[in-house]
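Asks: OK, Swiss-Prot features for this one:
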REPEAT    128-179  repeat 'PFTB 1'
REPEAT    192-231  repeat 'PFTB 2'
BINDING   216, 217, 218, 280, 281, 282, 283, 289, 290, 291, 292  geranylgeranyl diphosphate binding site
REPEAT    259-301  repeat 'PFTB 3'
BINDING   286, 288, 341  Zn(2+) binding site
REPEAT    310-353  repeat 'PFTB 4'
């Protein structure tokens, strides 16, 4: 892993490994509310350990049988007895006569099994067609966007769930893992043109993507990653790409140059944020947005490292939000480490080193191996 060039900071690799390992062991009762999010906890932990060069397939491969139990096949009560499948976040959510699988837990589980190198599962066990049919049913026919789950009574896309760029990314990533590569592959299961139309409708006037014409770093990364998986980045105009790059570069907070004069004028300016990235304009820096912004820049231009100050963001992560006592990364320098920010902080550092695939959010070496071994 990378090391800050200025100052004594370095990555406390052993403590980060222990931090992620703790989340795969017995968690305290305060985490009971997250029981339905077990697949997310496993993904963030396995991803973090993989970034820090832990052989997770050797260390946790014995638990693949337990992981596989979360894969549920359901026969819908329709005229065609349609079979769909996906993952539940926890076995307590495997409720008879109710469709409780959802897109996020399905993607978290699939990515975790890729990192655990359970290639036998993808090649011989996973019913990719029924899984793709579930993704298809989550698409809103009127907008082209996706919801995360089905109505447990009607088995149509949930009418109360939100639909946004996050779920569009998750849906396309699942189909990509299932073997979809060309537009024709995706068209077999979803209305790709309508999806592309929805993504384009989320473009903001000053660059980037977001709802209600307010650009957001996380949504921008989701939109660009979705377009990349669909091989459709060329649909963006050169002007929009340039505007988006400019907007993303302006999200890197600096205590140098003109920005230092904001200290008394901007309530959202904090000098200690120097080098970090904010998710929106007039917000404080946040560890996770370092990844979302850097991944977006990486997808837009091969010169991204020359445009942004990677040394400063590295120093920000290592000096400000890395927890040298407990391991992990926090949202900012005032809070404790949490699993989400620890994973994305580690991913940002790995992305700078060229060791992380931002499109699927897994280490590059694992992505390469999966692509080679599982050619559907």
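Keep in mind that glycine also has a Cβ here, set from the backbone N, Cα and C atoms.
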Asks: Give me the Cα-Cα distance between residue 283 (geranylgeranyl diphosphate binding site) and residue 341 (Zn(2+) binding site), rounded to a whole Å.
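Replies: Each residue's Cα considered, residue 283 (geranylgeranyl diphosphate binding site) and residue 341 (Zn(2+) binding site) end up 17 Å apart.
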Asks: DSSP-wise, what's the residue breakdown of the repeat 'PFTB 1' (128-179) into helix, strand and coil?
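Replies: Summed by class, the stretch gives 23 helix, 5 strand, 24 coil.
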Asks: Just going by other Cβ atoms within 10 Å, which of the binding-site residues 288, 290 has the emptiest spot?
Replies: 288
Asks: Tell me, roughly as an integer, the mean pLDDT over the repeat 'PFTB 3' (259-301).
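Replies: A mean pLDDT of 83 is what the predicted model shows over the repeat 'PFTB 3' (259-301).
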Asks: List the residues of the same chain that sit at least 6 positions away from residue 292 (geranylgeranyl diphosphate binding site) in sequence and have their Cβ under 8 Å from its Cβ, in sequence order, or write 'none'.
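Replies: Correct list: 217, 218, 220, 221, 277, 279, 344.
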Asks: If I take the alpha carbons of residue 286 (Zn(2+) binding site) and residue 216 (geranylgeranyl diphosphate binding site), what is the distance between them in whole Å?
Replies: 13
Asks: Please report the three-state DSSP label of residue 283 (geranylgeranyl diphosphate binding site).
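Replies: Once the DSSP labels are grouped into three classes, residue 283 (geranylgeranyl diphosphate binding site) ends up as coil.
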Asks: Around the Zn(2+) site formed by 286, 288, 341, which additional residues qualify by having Cβ within 8 Å of the site's Cβ center?
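Replies: Everything else in range on the chain: 287, 289, 290, 291, 321, 329, 331, 332, 340, 344, 345.
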Asks: Does anything in the same chain, at least 6 positions from residue 281 (geranylgeranyl diphosphate binding site), have a Cβ under 8 Å from its Cβ, and if so what?
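Replies: Non-local contacts for residue 281 (geranylgeranyl diphosphate binding site): 215, 250, 251.
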Asks: Provide, as an integer number of angstrom, the distance between the C-alpha atoms of residue 288 (Zn(2+) binding site) and residue 216 (geranylgeranyl diphosphate binding site).
Replies: 12
Asks: Could you give the Cα-Cα distance between residue 216 (geranylgeranyl diphosphate binding site) and residue 341 (Zn(2+) binding site), in whole Å?
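Replies: Residue 216 (geranylgeranyl diphosphate binding site) and residue 341 (Zn(2+) binding site) have their Cα atoms 17 Å apart.
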Asks: Can you tell me how far the Cα of residue 290 (geranylgeranyl diphosphate binding site) sits from the Cα of residue 341 (Zn(2+) binding site), in Å?
Replies: 10
